[in-house]
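Asks: Pasting a structure here, questions to come.
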Protein chains: 2
Amino acid sequence: MTQATLPATDTVRIALDERSYDIAIGADMLASLAQRADVPAGTAALVVSNTVVQPLYGAALAAALRQRYPVVHSVVLPDGEEHKTWQTLNLIFDALLSHACDRKVVLYALGGGVIGDMTGFAAACYMRGVPFVQVPTTLLAQVDSSVGGKTAINHPLGKNMIGAFYQPRLVLCDLATLDTLPARELAAGLAEVIKYGPIADMQLFAWLEQNMDALLARDRAALAHAVRRSCEIKAAVVGADERESGLRAILNFGHTFGHAIEAGMGYGVWLHGEGVAAGMVMAAELSRRLGLVDAAFVQRLTDLIARAGLPTRGPVLDAADNAGRYLQLMRVDKKAEAGEIRFVLIAGPGQAIMRAAPDALVREVIDHCCAIV
Amino acid sequence: MTQATLPATDTVRIALDERSYDIAIGADMLASLAQRADVPAGTAALVVSNTVVQPLYGAALAAALRQRYPVVHSVVLPDGEEHKTWQTLNLIFDALLSHACDRKVVLYALGGGVIGDMTGFAAACYMRGVPFVQVPTTLLAQVDSSVGGKTAINHPLGKNMIGAFYQPRLVLCDLATLDTLPARELAAGLAEVIKYGPIADMQLFAWLEQNMDALLARDRAALAHAVRRSCEIKAAVVGADERESGLRAILNFGHTFGHAIEAGMGYGVWLHGEGVAAGMVMAAELSRRLGLVDAAFVQRLTDLIARAGLPTRGPVLDAADNAGRYLQLMRVDKKAEAGEIRFVLIAGPGQAIMRAAPDALVREVIDHCCAIV
């Protein structure tokens, strides 16, 4: 057997003691997967995918895995945030048990954030924990959700309410898989890239202002930079606070408003990144009204979000009392304590803080930032 | 307010670094709970119980908790192993979310092993992890299931297949709650006490031979000794191997056959401890046929199990091919690897090992040890 040559890849390390792992970023990585030394050994692999991604990349991944595992099974889930439920999760358990998979099975999440979150949670729970690998095929999953070990499903009363902190063994970000990503989902992923600017790195923000057109045109080098820098920032934050006891919560900038939008519209109507985009404008405006940033900063963020093709205004969730509906939904956010909403705010460009805010001020922000869509 | 006097208690420490906690063993501990310094702080408590235990101890526990938490909620689940399902688990999530409980909620498991396993798994998953306290009210839960952090629910294709390793903050073993335990469940708990003899401590085994009548008569001092010694052994094993990568599996002596009995009869028909009792005889007989122990040891174990009022023979699960049915069910055991069943066997009185065994020999044991019931 001749030694295959690995394609050029960047690697970002997530340092979490014995739970440490690499994020590998490159093109056409599926085919070379079997040559990697850090692919976990096992008695079987189960590829978890959905009806959209499976026809595109399922066969290539399964073929690669057959070089490393005695058997390769697959399960194909329905596509969409509205299916991030126990019922869908149970399809993974059904597959594992009907194939008599033991504790040495390795799960592969092939898809976007929903597939990654559900596969990770299934791996956390199956026989109290089996290894899994993330193979994110959306920009959002590559820059955010596949990294850091947050896994979950939704409950009718709240998003990501049932889950686990459970780290993958490896994350393979194949930039080639972004070629098939719908434009709307590419933009949704850019929302999470933009996020890293205000909370941590205004140099990245300025780079995004320079390179937004290249990213929207799926320039491979631009995408590689955006994915790598996003993963580096996330790695630093997660390495310092794996279980979100403090710092890690800053990664939820825009998410408190964003989750309210997603839940209020019904999961899947707005994409997660779209809710985050409008939510970041609202959080920035709240920061401004608290005297933390100036209007020019809010405008600069709003402009970049608009250039990415993302919504800059939240939807009206309730014509009679829109702000009240937002507040009601935000009070069940996981960061809330004793009914007090904890907002991620911008204390100055590149620096996030967490704090509460007076209801009256939050209401003003919501009234200012929402439009009937 | 005068200082209340704590009743005399024994304490067994589970040493797991930052996840360490105490098992407190004593009588009438519910009333004094609020005076304990190690009760976790929180914004609310949720007592999880079932239709049998709630009327007996629910009010006393809630009254004690009201001295420590701003609000105390409760949820009452149906009773029995057959309800250890996602559907029942979801009643806990529904209660937490409908009461808008945040990450500072503390769950209290008031009941037997099923309540403890489900409450612990709910605590592991709710908002990716909230604290919980075990208040076991059955002997089985006090000596085994409430200690060590194994939590799970059943899947139609296998027992405890979906779960987490998640440690409680405190275990309160109130011996007074055993007064109301049905005799059949007391015996089922004794199966797990007896278990600790062959695998770890033949002195305990000899003590049980001397004191079985006192235990069956619910002598408080005898129960205190049995609970404390069982917890000490379990603490030592769990402290050395929290996630069952090796040693911990010896605690499953009798459980491979026992789980097959439970699943084959339908969950809840045989109590867990009853399956383990018959399973221990089968595992001992398999050990004998492998030349590891002599017939006198098997007889001594069988006699003690019989004196506890427990079954010493397994049920016939399939009249046409009983051994085949047992083998089929045991192959989906969590300890199996690539379809090979890993048995916990006795290598000599007080010493357990794990190993596989030839199917033909296992079949002989099943044929020898089963009876139509």
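In case you wondered, yes, glycine gets a Cβ from its N, Cα and C as well.
Annotations per TrEMBL:
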type	residues	note
DOMAIN	A:75-187	domain '3-dehydroquinate synthase N-terminal'
BINDING	A:79-84, A:113-117, A:137-138, A:LYS150, A:LYS159, A:177-180	NAD(+) binding site
DOMAIN	A:189-336	domain '3-dehydroquinate synthase C-terminal'
BINDING	A:GLU192, A:HIS255, A:HIS272	Zn(2+) binding site
Asks: For the recorded Zn(2+) site, enumerate neighbouring residues of the same chain (Cβ within 8 Å of the Cβ centroid of A:GLU192, A:HIS255, A:HIS272, site residues themselves excluded), in sequence order.
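Replies: The answer, listed by sequence position, is A:LEU140, A:ASP144, A:SER145, A:ALA191, A:LYS195, A:GLY254, A:GLY258, A:GLY273, A:GLY275, A:VAL276.
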Asks: According to DSSP, which kind of secondary structure is A:GLU192 (Zn(2+) binding site) found in, if we only use helix, strand and coil?
Replies: helix
Asks: To the nearest Å, how far is the Cα of A:THR138 (NAD(+) binding site) from the Cα of A:HIS272 (Zn(2+) binding site)?
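Replies: Rounded to the nearest whole number, the Cα-Cα distance is 12 Å.
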Asks: Using a 10 angstroms cut-off on Cβ to Cβ distances, just flag whichever of A:THR138, A:THR177, A:THR180 is the loneliest among these binding-site residues.
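Replies: Each of the binding-site residues A:THR138, A:THR177, A:THR180 was scored by Cβ atoms within 10 Å; lowest is A:THR180.
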Asks: In this predicted model, what is the average pLDDT of the domain '3-dehydroquinate synthase C-terminal' (A:189-336)?
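Replies: Mean pLDDT for the domain '3-dehydroquinate synthase C-terminal' (A:189-336): 95.
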Asks: Roughly how many Å lie between the Cα atoms of A:GLU82 (NAD(+) binding site) and A:GLU192 (Zn(2+) binding site), rounded to a whole value?
Replies: 20
Asks: Quick one: among the binding-site residues A:ASP79, A:GLU82, which has the most Cβ atoms sitting within 10 Å of its own Cβ?
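Replies: Of the binding-site residues A:ASP79, A:GLU82, the highest Cβ count within 10 Å belongs to A:ASP79.
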Asks: Provide, as an integer number of angstrom, the distance between the C-alpha atoms of A:HIS255 (Zn(2+) binding site) and A:GLY113 (NAD(+) binding site).
Replies: 15
Asks: Helix, strand, coil: count each for the residues of the domain '3-dehydroquinate synthase N-terminal' (A:75-187), based on DSSP.
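Replies: Per-class counts: 47 helix, 35 strand, 31 coil.
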Asks: Which residue, of the binding-site residues A:GLY113, A:GLY116, has its CB surrounded by the fewest other CB atoms within 10 A?
Replies: A:GLY113
Asks: Considering only the binding-site residues A:GLY113, A:THR177, A:THR180, which residue has the minimal Cα-Cα separation from A:HIS272 (Zn(2+) binding site)?
Replies: A:GLY113
Asks: Around the C-beta of A:HIS272 (Zn(2+) binding site), how many further C-beta atoms are within 10 angstroms, looking at every protein chain?
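Replies: Its Cβ shell of radius 10 Å holds 27 other Cβ atoms.
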Asks: So if I draw a 10 Å sphere around the Cβ of A:GLU192 (Zn(2+) binding site), how many other Cβ atoms end up inside it?
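Replies: Excluding its own Cβ, the number within 10 Å is 28.
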Asks: Can you check what DSSP calls A:HIS272 (Zn(2+) binding site), collapsed to helix, strand or coil?
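Replies: Assignment for A:HIS272 (Zn(2+) binding site) reads helix.
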Asks: Count the Cβ atoms, other than its own, that fall within 10 Å of the Cβ of A:HIS255 (Zn(2+) binding site), considering every protein chain shown.
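Replies: A 10 Å sphere around the Cβ of A:HIS255 (Zn(2+) binding site) contains 26 other Cβ atoms.
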